[in-house]
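Engineer: Annotations per TrEMBL:
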{"type": "TRANSMEM", "residues": "27-49", "note": "transmembrane segment"}
{"type": "DOMAIN", "residues": "41-289", "note": "domain 'G-protein coupled receptors family 1 profile'"}
{"type": "TRANSMEM", "residues": "61-78", "note": "transmembrane segment"}
{"type": "TRANSMEM", "residues": "141-163", "note": "transmembrane segment"}
{"type": "TRANSMEM", "residues": "200-221", "note": "transmembrane segment"}
{"type": "TRANSMEM", "residues": "242-261", "note": "transmembrane segment"}
{"type": "TRANSMEM", "residues": "267-288", "note": "transmembrane segment"}
C-alpha cells in the first residue's frame, strides 16, 4: 500500500520578489526608507501621545492604538526582507514563519477595527456633540479595544491552527517576501482549499462589516453638517481619516483577491502589491493623519 507523505519540519526559504532578484538595490532602498520613516514617524506620535496629558481624548486613544499596531506589524516583516537583500539570508524557521503569519494577519484585522472605531468617534463628535463624553467614556473605550483584539484572535487562531496542521512535504521555497499564508499553504501536500477559503471568507467578512459601517457613519455626518457653518471644518477633520482608510482598504482588497483569484497577474506583481499593502499605509499614516492634526503638530513642536 502507498505510504502517506512524511511531513518535513524544515526552515522555509523566502524568495523575496520573484523574477526581481536582479534589482535588490532598488527594493532595499524602497523598503529601508519606508521602514525608517514608519518607525520614526509613528514613534514620535506615540511618544507625544504618551507624554502630553492634553491628548487623552478618545480619538487620540484610537490613534495611539493605530500607531502601536503599525509599530508591531512592520518590524515583523521588513527586517526579514532587508536581511534577504543585504545578507542573502533567505531561511526562516518553521515556527517563526507561522508566528510572522499570525502577527501580520492579526494586526491587519485589528487595524480595520481601529479605523471603524475612529469613524464612530467622528460620528459621535459631529452628530451628538453634547453626549460625546457620556458615550465614549473610559469603560466604552476599553470595551471597544477589547472587542477589536478579540475579533482578530477569533479570526486568526482557527486559521493558524488550520495552516500549522497541514503536512508540508513539498519544496520549502515560499515565492514571497514574508510568510503570506496563501503562499505557504501551496506547499502543503494536503488539500489547502479549506484554509484558503476560510481566509478569504474571514477577510471579506471583516472588510464587509467595517466598510459599510464607516460609509454609513460618514453619510450621517454629511447629512448633519451639510449647509452649516462648521461644514468645512468637519470635512477637514474627517478627510484625514478618509485618506488613511482608503490607503488601507484599497490595496488590501486588491492584494487579497489578487492572491486568491489573480491567475492572470504576474507573481512579482502580486508580491509587490502585498508588500506595499503592509508598508505604505504604515509609512503614510503619521504624515497624512497625525502630523496634519493641529494638536499633534503643536505637541511635537512643544516636545522638540
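A Cβ is built for glycine as well, from the same backbone N, Cα and C atoms used for every other residue.
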Engineer: In this predicted model, what is the average pLDDT of the domain 'G-protein coupled receptors family 1 profile' (41-289)?
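Structural biologist: The answer is 84, the mean pLDDT of the model over that range.
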Engineer: Residue list, the transmembrane segment (267-288) vs rest of chain: Cβ under 8 Å, 6 or more residues beyond ends.
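Structural biologist: Non-local partners: 16-20, 31, 34-35, 37-38, 41-42, 44-45, 66-67, 70, 73-74, 77-78, 81, 104, 108, 175-178, 180, 240, 243-244, 247-248, 251-252, 254-255, 258-259.
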Engineer: Please work out whether the transmembrane segment (200-221) lies in contact with the transmembrane segment (242-261), by counting C-beta pairs under 8 angstroms that are 6 or more apart in sequence and asking whether there are at least 3.
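Structural biologist: Yes, the stretches contact each other.
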